[in-house]
Every structure is written in structure tokens, then in C-alpha cells.
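*Asks:* Can you keep this structure in mind? I'll have questions shortly.
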Amino acid sequence: MDVTSQARGVGLEMYPGTAQPAAPNTTSPELNLSHPLLGTALANGTGELSEHQQYVIGLFLSCLYTIFLFPIGFVGNILILVVNISFREKMTIPDLYFINLAVADLILVADSLIEVFNLHERYYDIAVLCTFMSLFLQVNMYSSVFFLTWMSFDRYIALARAMRCSLFRTKHHARLSCGLIWMASVSATLVPFTAVHLQHTDEACFCFADVREVQWLEVTLGFIVPFAIIGLCYSLIVRVLVRAHRHRGLRPRRQKALRMILAVVLVFFVCWLPENVFISVHLLQRTQPGAAPCKQSFRHAHPLTGHIVNLAAFSNSCLNPLIYSFLGETFRDKLRLYIEQKTNLPALNRFCHAALKAVIPDSTEQSDVRFSSAV
């Protein structure tokens, strides 16, 4: 039953003698402006929107994403890779993690171009393309969240166990950790895919994205468990900072070192939360008995909502390089030196130096650079 119609019916019964209104016009502006917002939040409200209206809204959001976020994500992640590789002799342990994170984000940003033009979720109609896109997205999604989780743990080790972690926090161990994270991301995707594919070999319309067991794994392993670990790490870090309150000379430097990682994690949480809520709502709904397998896809039932949450998830990969550039003091210094080496225009060099320094005052202070590189 329509929530809006039910509410109006209750209101009329409270006032006897009120004439019954005419049948509601499903194309009235009032319904179309108010109801979709509620429906999008509940992943259940695009029923009153016509196909044309859903297309217009999706096209508008896709244009905003393509104009404002996609260039930042594509150029920014490439810039992170180029600058850090150019200064590989000065590469720190956090730089290794951010390079791998930039690789995963760059792949997701490139993949987002398909989603931007997939306004009707049409590629979910093709089983092979649907499965390929789901595998491609999950591998890089897992790698992003796993890298963020490991970076939070590494940050806690660097701050809380600074004197005892010199043997553990080495570049060799960092490279080994990156390799294991990529292997874990691929395994978390391919192992469930192999298992469920053997069970659905006879289904012509089988898509990896529609398997409920895979969706439960994505929500738990790709969102709930990692952020529980991240929350624990940051709670321990806060306790360390509180204990170091009397060391006023170290506290500002440590807060600057934490600001970048904390911002990246918060942006990831905000961007990926709608996607996981959308999937969770679908998982909590009971499957209709006798429904055709191809028609049970929640993205078929709610294409506009699925499009919105996908764009929100892709936005994380676009915002990560922006946060990294603005809050990473070591990276800004490398970027300034890279521009000076590659250009012979003194005016441009002075402008870039002033712009990078204006982001956070005293960002080029040598003591802060040494501290940021150390952690």
C-alpha cells in the first residue's frame, strides 16, 4: 500500500463529512518531489517515478559526477602514482600503501565510467557482463578497504609502539603486506565466485552480483569487520594521544600525521555506507516464492537507487587523492619538487609553491616533514 495514500486516508476519516477526493494523480509534482527522497533512503521508493523521470535524475547525477568528481579521481590518482614513483628513493612506508590504494582507486574510477552511462542498469541483463563487472568491482573494493584497515593498524603501531616497531615496520615487510592484501582481495572474490558458480551452472541468467551469500560476505567482510578493526585502532590511538598530552611539542605533529588517514577513513565510510545499507535492505527482504531468478535482482527493482549508491561508492575513489594531496605534507613537498623539476617557468613554480603552502600553513616546515616521513 502507498504510504502517502494511507496517510491521506487516515486524515479524511478523522473529519466526518469531508468529501472524498478524486483519484490521486500519480504524475503530480507533489508526489514526485516528496516521495522519491523517502523511497531512495529505503531503497523502495522508485515505483511512483516513471522511467523517464528516473532517467532524468540519473542523468543529472551522472553529469555532476562526471564533471566534478571523475577528473579529480582520474588525474589525482595518476598524479599520486607518478610523483611517488619519481621520488622512489624518498618513498616511505605510508607512501607504499598509498600507491597501492591509488592503483585500486584508479581502477574503480575507470570502472565508474561504465556505471555513469548505465542509467537503466542494462548490463545486469547480460549475465557475463554482470558477473565480470561484479568481480572487477569487488576485487578493488576489497583491496581499498583492506588497505585502509591495514594503514590504520600500521598508524597505531607507528605511534603507540614507536620504539619497538623498527624491526617490524620495514619497506620489505610493507611490500610483503601489500602483496598479501592484493591476494586476500582476489581470494575473497574468486573463492565465493567459484563456489556459487558451480551451483548455478544451469541458470542462463545467473549473475554473481545477485547471490545472497556473496552479498552477505560483501557487507560483513568488506564493511562491518574492517570498520570494527579501524574503530578499535583509532580508539587506541586516541588513548595514546591523551597520554601524550603533557608533551606539547609532539602533540601537534602527531595530530597532523593522523589527520590524513582519519579523513580518508571517514570519507570511505560515508561513501560506502549507502551501498551497504542498500544491499542489507535487500538481504533482509524475503524472497518472493516462485519468482523468476532473473527478476529477483534488487538492482532491477530499484535501478535509480542502485545508480545513486554506486555513484556514492565511486566518489570515495575520487576523493581519496584530494584528501591525500591536501593533508599529506610529505606528498605536497614531493609534488612541489616534481613541478620544479619538470617545468622551467619560475612564475609557475612560485604559484604552485604558494598554493601548496596555503593549504595548511607552515606545511613545509622541516620538522613536520621529518615527523610525517617517520610515521
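Just so you know, glycine gets a Cβ as well, placed from its N, Cα and C.
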*Asks:* Using the annotation in Swiss-Prot, determine whether His172 and Ile237 are placed on a common side of the membrane.
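*Replies:* That holds: Swiss-Prot puts them on one side.
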*Asks:* Neighbour count, 10 Å Cβ-Cβ cut-off, for Cys130 (disulfide bond): what number do you get?
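*Replies:* Taking all protein chains shown, Cys130 (disulfide bond) has 22 Cβ neighbours within 10 Å.
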*Asks:* Count, for each of 97-120, 176-194, 260-280, the Cβ pairs lying under 8 Å from the transmembrane segment (221-236), and report the range with the highest count.
*Replies:* 260-280
*Asks:* Near the transmembrane segment (307-327), which residues from the same chain, at least 6 beyond its ends, have a CB less than 8 A from one of its CBs?
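*Replies:* Residues 40, 58, 61-62, 65, 69-70, 72-74, 76-77, 79-80, 98, 101-102, 104-106, 108-109, 111-112, 115-116, 118-119, 121, 141, 144, 259-260, 263-264, 267-268, 271-272, 274-275, 277-278, 335, 359-360 contact the transmembrane segment (307-327) from elsewhere in the chain.
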